[in-house]
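Beneath this line is the structure, given in structure tokens, with notes to follow.
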Amino acid sequence: MKQLMIIGTDTDVGKTYVSGLILKKLQENGKKAAYFKAAMSGNERLVDGSLLPGDADFVKTTSGISQSLADMCPYVYETAVSPHLAAQIEGNPIEWEKIQETYDILCGKYDFVTVEGSGGILCPLRHDETAVFSLADFVLSQHLPCLLVADAGLGTLNHVGLTAAYLKSQNIPLQGIILNRFQTGNLLHEDNKGMCEIMTGVPVIACIPEGAADLPISIETLVSLYTERTENPCSGIPTHK
């Protein structure tokens with residue numbers, strides 16, 4: 001089983017959109033692929049009182065994968081704030097054991113699991129008197145390699161540089177960078193592409209124009225970004241308050 005983490009330089013840079021395109025390419029090429037996100041906030045409450053996991057629904061619709069929405073995300077919140085705060089507001093704290101169990105089940109059923117982060121790499125998942133852990137803790141515990149999604153526009157160099165530097169400091173593999181909302185011929189976007197590679201030493205593997213329906217890389221390149229899951233990943237809450 002192979003795995004890959006999709007992280008963003010910030011919220012709303014297009015992680016879910018890119019995740020959908022990634023799963024679509026895997027699905028179209030006959031790969032047995034699944035999607036996982038530990039926690040989603042800002043979701044719509046339906047008339048029956050349930051919450052629709054919006055990101056998971058988008059990925060499923062875009063990609064055409066058969067995986068059920070219920071298997072994609074163990075924690076779904078209505079409040080549009082960081083998961084740790086949404087959990088506090090709604091009285092449903094994120095339990096490490098539950099996200100670990102859900103992820104383990106997916107890893108046992110699929111050949112490729114694509115994990116999407118909530119916000120940036122340091123986004124807190126839980127921060128209370130019982131436990132403290134972040135998205136980075138999950139990435140480290142599962143030995144996940146990362147693919148970084150960033151906006152192609154102004155401000156991205158600092159965001160990309162800081163995220164890449166943090167990943168390097170934690171020995172988290174960064175497989176590549178994707179620039180979203182890229183405009184070919186735009187001086188800023190073209191320069192950002194080159195500077196991201198110079199500043200990080202990591203290749204920009206794809207530049208995705210606004211509204212693209214497909215991921216502009218080969219299936220061979222995409223599959224090469226995934227790494228085999230370690231047989232015995234770390235388990236248990238990594239940090240305590």
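Just so it is clear, glycine is given a Cβ too, placed from its N, Cα and C backbone atoms.
The ATP site recorded in TrEMBL comprises Asp12, Val13, Gly14, Lys15, Thr16, Tyr17, Glu116, Gly117, Ser118, Gly119, Asn180, Arg181 together with one of Asp55, Asp57, Asp71, namely Asp55.
Of all the binding-site residues in the list Asp12, Glu116, Gly119, Arg181, the shortest Cα-Cα distance to Lys37 (active site) is found for Glu116. Here the candidates are the binding-site residues Asp12, Thr16, Ser41, Asp55, Arg181. The one whose C-alpha lies nearest to that of Glu116 (Mg(2+) binding site) is Thr16. Asp12 (ATP binding site) sits 13 Å from Ser41 (substrate binding site), taking the C-alpha atoms as the reference points. Here the Cβ of Gly14 (ATP binding site) has 21 other Cβ atoms within 10 Å, regardless of which shown protein chain they belong to.
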